[in-house]
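Feature list (source: TrEMBL):
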type	residues	note
COMPBIAS	1-10	compositional bias 'Polar residues'
REGION	1-22	region 'Disordered'
BINDING	34-40, 62-64, R325, 351-353, 433-435	GTP binding site
ACT_SITE	D35	active site, proton acceptor
BINDING	D35, E36, G37, K38, N60, A61, G62, H63, T151, R165, N244, T259, R323	IMP binding site
BINDING	D35, G62	Mg(2+) binding site
ACT_SITE	H63	active site, proton donor
ACT_SITE	K162	active site
BINDING	V319, T320, T321, G322, R323, K324, R325	substrate binding site
Amino acid sequence: MSHKSCYTNPGTGGKRPRNDKGNKVTVVLGAQWGDEGKGKVVDLLATESDIICRCQGGNNAGHTVVVDGKEYDFHLLPSGIINSKAVSVIGNGVVIHLPGLLEEAEKNEKKGWKIQISMLSGVIMFDFHQAVDGLQEVQRQAQDGINIGTTKKGIGPTYSSKASRTGLRICDLLDDFKDFSTRFKNLAQQYQAMFPTLVVDVDGQLNKLKEYAERIRPMVRDGVYFMYDAINGPPKKILVEGANAALLDIDFGTYPFVTSSNCTVGGVCTGLGIPPLNIGDVYGVVKAYTTRVGIGAFPTEQLNEVGELLQTRGHEVGVTTGRKRRCGWLDLVILRYANMINGFTAFALTKLDILDVMDEIKVGVSYKLKGKKIPYFPANMDVLQKVEVEYEKLPGWKSDTSACRKWEDLPGKAQNYIRFVENHVGVPIKWVGVGKARESMIQMF
């Protein structure tokens, strides 16, 4: 027997009408393994935004912004918070380390910014989550001889608590503290049973958490209603800043060497309660070469003087960890894969100036496996380790681009490099970065 929907609408011929009303949300996401310069693009767009949101990740993310010669680092706060007229939102998809959040807020308030944060029901990261993160890495190394290379900031264990439904949220902390305390003790005991060397000062932690509760209480809003009103109210420009990047996504990244959240466009919907129909432009941020922190497959990595040059000229050191980043040529297979998942409106290509001294520049355009070209990005990391990269060679421009402010200012060979990337990936490049400062972003259209 066929099933017929009980929903009918004579005015639409029985079809459910689309709801295209409301303000569209602009999204900025990393398109490689992170560290692409998302903070700079967000800062650029934030100057005209009314609401700026973080949707996933935690204080493992590090975004650097340079404004008027001053450099600012952000970890939990949206990097667009420099626009003090905007409301900054930390969404339910973010794991929140309260001491880190309050320290970052206080540090930035001293710079004269009025910080307005509306926090949703994000899961709280406790100090023992961070300790467990380190213990798990030690355990992996002992058992398998290899670890994941996490930041040891407690991200994975906190998301694990959330997935196993034992985690505690901001709304729990602000409700019945007696019930919260019982659940906190139970969670700590669970981890101590798994890791006998783990020491947790339960009473000390609870005393601090009670204090934190009162300090954050004025900041907290109901996130679903807040975002609904923002989208369906008067015209507003809403900006969402992703942490990490496509190849670090828990589902689509180079698993298991990934983060523990969805840092592709789906994480925007689940991490803020935004309907897909209200997603507008999705901008992917791409470095003019490729880097990654930690271990895991990296097909275009250059373990030679090229990699060293990129690392040195690009100052490729992690904002959060201080670890040197591994460096290699730009990989267009990765960019095409990231675009399949995210559907980018346009790219921002950053750090073009780092390539200024190159005589010749290589770009990875395809992969071969056992001598045959493969039309996909391998999901299995053992397979990805074995691919052979096919490169196209492009001539370097051998001139300083750092003072360029318009497309016409760029050397012809630099323009050719940009057009080559656009044509091979099928995504237009809207911005080109040639330096750290806000004014070093060339807008193409």
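From the backbone N, Cα and C atoms, a Cβ is placed for every residue, glycine too.
Around G34 (GTP binding site), a 10 Å sphere centred on its CB holds 29 further CB atoms from the protein chains shown. In terms of local Cβ density within 10 Å, G37 ranks first among the binding-site residues G37, G322. Within the set of recorded positions D35, K40, K162, K324, L352, the entry lying nearest in space to N244 (IMP binding site) is D35 (CA atoms). G322 (substrate binding site) sits 19 Å from K40 (GTP binding site), taking the CA atoms of both as reference points. T151 (IMP binding site) and T64 (GTP binding site) are 17 Å apart (CA-CA, integer value). Looking at L352 (GTP binding site) and N60 (IMP binding site), their Cα atoms lie 26 Å from each other. Comparing N60 (IMP binding site) with G37 (GTP binding site), their Cα atoms are 15 Å apart once rounded. Within 10 Å of R325 (substrate binding site), as judged by C-alpha distances, the recorded positions found are D35; the full candidate list was D35, T151, V434. When the recorded positions D35, G37, K40, K162 are compared by Cα distance to K324 (substrate binding site), the shortest distance belongs to D35.
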